[in-house]
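Participant: From TrEMBL, here are the annotated features:
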ACT_SITE  E186  active site, proton donor
ACT_SITE  D319  active site
ACT_SITE  E428  active site, proton donor
ACT_SITE  E453  active site
BINDING   T539  Ca(2+) binding site
COMPBIAS  1-21  compositional bias 'Low complexity'
DISULFID  C382-C414  disulfide bond
REGION    1-71  region 'Disordered'
Amino acid sequence: TDLPRSPPAAAEPRHASPAAPRRLREKLRTAARMAGPPAHTAPGSRQQVQGGERRAEPATGAPAARETRAPFRFDYERFRRSLRHPVRGRRTGEDPETRARRMKIKEMMKFAWDNYKQYALGKNELRPLSKNGHIGNMFGGLRGATVVDALDTLYIMELEEEFQEAKKWVEKNFDLNVNGEASLFEVNIRYIGGLLAAYYLTGEEVFKSKALELGEKLLPAFNTPTGIPRSLFSPCSGMSWSWGWASAGSSILAEFGTLHLEFLHLSELSGNPVFAEKASTSQLVLNRVEKPQGLYPNFLSPVTGNWVQHHVSIGGLGDSFYEYLIKSWLMSDKKDSEAKKMYDDALEAIEKHLVRKSAGGLTYIAEWRGGVLDHKMGHLACFSGGMIALGAEHAGEERKQHYVDLAAEITNTCHESYARSDTKLGPEAFRFDAGTEAMATRLSERYYILRPEVVESYMYMWRLTHDPKYRQWGWEVVKALEKHCRVEAGFSGIRDVYTTTPTHDNMQQSFFLAETLKYLYLLFCEDDVLSLDDWVFNTEAHPLPVNHTNFKA
């Protein structure tokens, strides 16, 4: 059962389990510490979780990335010439109101960045009320999460001076030789994704070299009998282990299923196939394992490759796995037919078993617990309107309109969760039971931590349909953020969306700069700014290019 959770006072994993601890364990669970970076030699040991106990086991040597790499150079200039649209678009013939709204969102980004720089530069997030920085322990000693998450947003918004400040910090201060307990998933989507996107947008070598160096430090997490990685790793010692709260040492679907985009690009830029091979193993295991009713449960054993319990969610613990299936196909220039089939089959099962319509006519995606539906939808699940819209664009003609309609209905439901609150911001989760529709019924679900998923779906729905209501809904979010979340020194989450005098949680999440403000900005841009013909967004909204060709120099 879900344990109640108060609003987090720390960086929030995008796919946080309601039962997850709000803080990772402070202390590194390892006695061994290697002298050199783990990727250059086989890691010394790995943590094996069996029967609730951890014991160190000898590692099965991860491929030593630098030893196997052939001389390789990625031809950046040729890559840039292959793009079908200028990265920042052509900006022709837009109306003054749209431009003014976009400029307002740019001002919000500058305000968020300037306060982070003043009070917290080098820390992971800004605490805007106390005007200091927060490090947390989700990133294993890595620093500057907001810097790396903000790079591409600053660049796209043409905040040139601020982009150079962020780049300078990465060059001079971003230390990868740290000892701590890091989430493989969070480091991948925020740091690897942010660095890769910054490189592809600018061609600055420092971003590529840091991404590849950090990518090598992730490899020991894959040293398991199945090749399914464990959730946590130490960047220095090469040890890995599972979340303490995850059943029987299992790995989480949304975590090991959300590596494909970034790891393929690590191979693309390094010439080293090991990254792509690691990511593809997860897809192979998932393709082979039997799916109850065609659904993918959230917990899988990295030892046996079997499901650990039958909880299915399109929100936290499951969400971005589905997103990466359709995006893997798109990023492959529509060549990865296996990913497309897995997506199509999963969506069919979701529609059959999880999609429901409330008495009031709202379409939502329930959660599934061993065959019993839980009629709730998390804010995290609100990305699904955008995902289904993205997939609809490429469905067969007979199914395309069906999926456009489904995407619009789910996005409308998520909009209702905002419209029905006093602040016009949405709760962490909302329910459809006991006469309640699209509202939180539990105190522990009433908070809003600057999450992006609803505006993400507005952006995709705008690009697919150009229905002006999506821009209007996005502007309502801008006004609500300004009214309720903007404080003297940044933006803060709030503890209760159902009161017009909310208490702030004193945290400016890094994903607010990476995702929420970027998607809002793109909603008021022309479609050729980060065109979906050229780019696929990772689950932290970092744009990665579609592989139109091979750019080996």
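Cβ atoms here come from the backbone N, Cα and C positions, even for glycine.
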Participant: May I ask which of the recorded positions D319, C382, E428, E453, T539 is closest to E186 (active site, proton donor) if we compare their C-alpha atoms?
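Facilitator: Nearest by Cα distance to E186 (active site, proton donor): T539.
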Participant: Do you know offhand how many angstrom separate E453 (active site) and the residue listed as 'Ca(2+) binding site' by C-alpha?
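Facilitator: Here the two Cα atoms are 10 Å apart.
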Participant: Quick check: of the recorded positions listed here (D319, C382, C414, E428), which one has the Cα closest to that of T539 (Ca(2+) binding site)?
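Facilitator: For T539 (Ca(2+) binding site), the closest Cα among D319, C382, C414, E428 is found at D319.
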Participant: To the nearest whole angstrom, state the Cα distance for the pair D319 (active site) and C382 (disulfide bond).
Facilitator: 9
Participant: Check each residue in the chain of C382 (disulfide bond) that is at least six apart in sequence and keep those whose C-beta is under 8 Å from its C-beta; list them in sequence order.
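Facilitator: When sequence neighbours closer than 6 are ignored, C382 (disulfide bond) has I410, T411, C414, S417, G426, E453, V454, E456, S457 within Cβ distance under 8 Å.
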